[in-house]
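Lifted from TrEMBL, the feature list:
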BINDING   42, 43, 44, 45, 46, 47, 48, 49  ATP binding site
COILED    504-580  coiled coil
COMPBIAS  621-636  compositional bias 'Basic and acidic residues'
COMPBIAS  660-670  compositional bias 'Basic and acidic residues'
DOMAIN    1-381  domain 'Kinesin motor'
REGION    617-681  region 'Disordered'
REGION    739-774  region 'Disordered'
């Protein structure tokens, strides 16, 4: 994940480099009369307080800001109590006498004095403000006098407390006894929270907050360290040994007013006073309670800290939305004291800078991502507005001219040993004016009877008086003429003013119309920019969809190509398999046809043999038998097996009977049973024939018969009759126990040696050779007989073999 910022500093960055890039422009704006706000933001333990305060030997942003301010305005500071802050966030200017009386009154009070800048510094913080680089603002108005005031507050659990307030018995940290409970003390006064108010310029301020006037960097930092930093709330958590439990705000106010025309005193006009402030805020770190293991007060503090930071984030987001889209949503400043105090900065009253402190620990990864995402968003908010600075209309450089005049005056006094005349230009004009009068005669009276000196003096004085009256009359005439000229000039100026005012009114109307048109066009531009942004987003979405669809189309086309190639390969494979299978089945069909032909031929030969035997039996002469024996002998069906040899005894065949005819049987014949069409068939009396055994059929019978067919080794069908008894089980079911197996096998005559039975056997040598013949050899010739033929059964006719 990438985040963009105006400047990124590494872990080994020096405090001076950070100060020059971030805080120095804010100090320059402060001296020029503009407000500034500097945040340190980050998760707990990421180094916010170290960035703001620094460490011994390397001061942070706060002592460097103080050093730069006093390095710039050091020789131009007003005396203490010349500037006096009122209770309504304003400032008044007192005369030198009032300031002196105020200093005497403060010195007479028994309260502790503000720390003096010339005494020995506390070594605990002396190294922090011993900044070697004496940086200063280049362009400082030398005709102004300046006064610096500092205040230090904290926002704890959404309440504002004054850290510079004199409270007895350390009200922020009460006394605890050995039982770890607070001591009851009547003199203990809990700290009182302060209230936020709005002044006449709609700026927010803390009422009743202690503001100390300081004259040096050492004095200001001592106020910060001794009076304020010692009272700030910190606590020990699982993530930070000294975790800030409140937001601390150190406010530096700079009052400046111009000198009068002589460059001696400060102008008493309140409109000419400029009051600017720089707020240095050390925010408490955002934290997760499941990591800090906070309980009780620590848990409540963490909740208030996270809530105030969330409100700050919400305000920034609403300001960004109003700026980007031209909306006018209300910013929720009042939801938190932190955002309410700095409402003016978010409305454009000065610059705002934020330093994001990031801890590279892996455990802070999620919190650091949230911090950087919020900090990156704040860069897009710009609500700065111009600040009108009052114009005094006096000649610049009057301070140095007054100083040069004083130096010259003191030099002349030292040379002459007494007061000198007026300015040389004014002195020369007076001398020229006195030279126009008649000279005075000598006024020395050497004799008491001298009566000429006084009349001459009187005459000269009368002439001077006449000359003076003439000059006065001429002066009066000139004054009258000048007044007339002034009146004419005033009338012409008034007419010109009226004309100019008319023109100005017309111009103002034109400007108002143009301003209205500009506002309309600006709103239209914002609307169009918003629409353009929406269209750009829509175009981006469509382009993304187009790229996705193109990628999907390419993937589908590649998939179709792969499927087509797979299909072609499969078709080729199937064609090969079909060709192979066709060839295989053709061979199988040919083999089966040949086997069937052979089988039919064998059957035909068997029938021919039977016909020949039957013919031989029919045509053979037999002796007459008694009628009773003839009736007893009945013809029986003959099997496929060959007839016995002539002269062999033939026993009558009886049908096969079951050995248990009184019991009920379950005749289980599978659906694949093939009828054998043999003469001997099993007959089962009182049988229930089923294709599959069922509980219902087994419950009615006592015996079980399974007919099983299989192919024997010689290729003939072999039938097995598997018999068994049916038993009832304990669970209420039936079980079969097999007891006997009967096998019925059918054999083909083609594989046996049979005796031939010729009707007329020859007892000679040929008869011995033809007594036993092979069936295949015997069936290789056919005997053809026609109806009514005289050929006997013993006549052999050789025909063509089939």
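Glycine is treated like the rest: Cβ placed from N, Cα and C.
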Per-residue pLDDT averaged over the coiled coil (504-580), given as an integer: 92
I'd like to know which of these binding-site residues, 42, 45, 47, is least surrounded, judged by other CB atoms within 10 A. 47
Sequence gap of 6 or more, Cβ distance under 8 Å: name the residues on the same chain that satisfy this around residue 46 (ATP binding site), in order along the sequence. 285, 357, 358, 359, 364
Could you tally the C-beta atoms, other than its own, that fall within 10 angstroms of the C-beta of residue 48 (ATP binding site)? 23
Specify the count of other C-beta atoms within 10 Å of the C-beta of residue 44 (ATP binding site). 23
